[in-house]
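Enquirer: Encoded as structure tokens, here's the structure I'll be asking about.
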Amino acid sequence: MDDKEILLANPRGFCAGVERAIEIVEQALARFGAPIYVRHEVVHNKFVVDGLRAKGAIFVEELDEVPTGQTVIFSAHGVPQAVRSEAERRGLRVFDATCPLVTKVHLEVARMREQGREIVMIGHKGHPEVEGTMGQVGDGIHLVEVVQDVANIEVADPQQLAYVTQTTLSVDDAATLVAALRARFPAIVGPKKDDICYATQNRQDAVKFMAPRVDVVFVVGSRNSSNSNRLREVAELLGVPAYLVDNAEGIEPIWLEDKKRVGVTAGASAPEVLVDAVVERLKELGASSVRTLEGVPERVTFPLPRELQTPD
């Protein structure tokens, strides 16, 4: 048995927006009973979604799958305005689990468009957060995913241009794209503060701190989790083999051959119980000690919708 050491990234796992979104579903189930409909996976984590489904949540992709008169929850990623309008038209009871930091971007987009600006959204095509943000306005918004896309944007007036970003991007990739936009459109304006959220930034920074100290990195998170995929990429860009695993069963023993120090982190939608199970699995595979690295403390919390708050 080799004597491996596990290093735990700090911070890792749940962020305030994810905790709030899960709590909204759980409180709605407690108040109103099953079924509670949720448009899209409330957060991108299989374990969390399966757990809520077992409690009576029904996950749908479109509102026409929600029967009239029922309760629907919008996922943490946010929704286009058309979805809100449809829910209102149909008289559905709505609880909005959109992360407040995503809502902030929605408000920025609406304000920029009202000012007569066209908008460039930096993000991943097809991601629900991007669809929700771009769906805040009827027109005048362009998506860029890679630097090459910047050359292909056609705008009416380069003097009247603004940008926003998806909240879960790679911090470094986003900076590269912003630089490319500024080079082509010197007058482009952006939000006062970067749209990439505190949790995305902190978790990427924690991996940057951990990666030089380990021989392999495991990121606990689901394949469809944008921020979890970015954590894996951050480690790989620093030259460390990195694997995205949904749970302990996803670990292949061969990945640990000749590895003395094993780094573990978790995406913002992955619960600590999965990290604990990964640590136990690594102990079975030869790890004998666990150490949590120092990191930035997080004290952010977001309140629930008033109707779901429990009295103190």
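Cβ coordinates are placed from backbone N, Cα and C, and glycine is handled just like the others.
Heads up, here are the entries from Swiss-Prot:
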- CYS15, CYS99, CYS197: [4Fe-4S] cluster binding site (BINDING)
- HIS44, HIS77, HIS127, THR167, SER225, SER226, ASN227, SER269: (2E)-4-hydroxy-3-methylbut-2-enyl diphosphate binding site (BINDING)
- HIS44, HIS77, HIS127, SER225, SER226, ASN227, SER269: dimethylallyl diphosphate binding site (BINDING)
- HIS44, HIS77, HIS127, SER225, SER226, ASN227, SER269: isopentenyl diphosphate binding site (BINDING)
- GLU129: active site, proton donor (ACT_SITE)
Enquirer: What residues, ordered by sequence, lie under 8 A Cβ-to-Cβ from CYS15 ([4Fe-4S] cluster binding site) and sit at least six positions away in the same chain?
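Expert: Listed in sequence order, they are CYS197, TYR198, ALA199, ALA268, GLU298, VAL300.
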Enquirer: Taking the center of the Cβ atoms of CYS15, CYS99, CYS197 at the recorded [4Fe-4S] cluster site, which other residues in this chain have a Cβ no more than 8 Å from that point?
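Expert: Neighbours found: ALA16, GLY17, VAL18, ALA76, PRO100, LEU101, VAL102, THR167, THR168, TYR198, ALA199, THR200, ALA268.
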Enquirer: Would you list the other residues of this chain near dimethylallyl diphosphate - those whose C-beta lies within 8 angstroms of the C-beta centroid of HIS44, HIS77, HIS127, SER225, SER226, ASN227, SER269 - in sequence order?
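Expert: Near the dimethylallyl diphosphate site, beyond HIS44, HIS77, HIS127, SER225, SER226, ASN227, SER269, sit VAL43, GLU129, THR168, ASN224, SER228, GLY267, ALA268.
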Enquirer: State which of the following binding-site residues has the fewest other Cβ atoms within 10 Å around its Cβ: HIS44, HIS127.
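Expert: Least crowded of the binding-site residues HIS44, HIS127, by Cβ count within 10 Å, is HIS127.
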Enquirer: Measuring Cα to Cα, how many angstrom lie between SER226 ((2E)-4-hydroxy-3-methylbut-2-enyl diphosphate binding site) and GLU129 (active site, proton donor)?
Expert: 10
Enquirer: In whole Å, how far does the CA atom of HIS127 ((2E)-4-hydroxy-3-methylbut-2-enyl diphosphate binding site) lie from that of CYS99 ([4Fe-4S] cluster binding site)?
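Expert: If we compare the Cα positions of HIS127 ((2E)-4-hydroxy-3-methylbut-2-enyl diphosphate binding site) and CYS99 ([4Fe-4S] cluster binding site), the gap is 15 Å.
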Enquirer: Fill in the CA-CA distance, THR167 ((2E)-4-hydroxy-3-methylbut-2-enyl diphosphate binding site) to CYS99 ([4Fe-4S] cluster binding site), as an integer in Å.
Expert: 10
Enquirer: Might you list, by sequence position, any residue in that chain lying six or more from SER225 ((2E)-4-hydroxy-3-methylbut-2-enyl diphosphate binding site) with a Cβ less than 8 Å away from its Cβ?
Expert: HIS44, ASN45, GLY267, ALA268, SER269, ALA270
Enquirer: Report the member of THR167, SER226, ASN227, SER269 (the binding-site residues) whose C-beta atom has the most other C-beta atoms within 10 angstroms.
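Expert: Its Cβ has the most other Cβ atoms within 10 Å: SER269.
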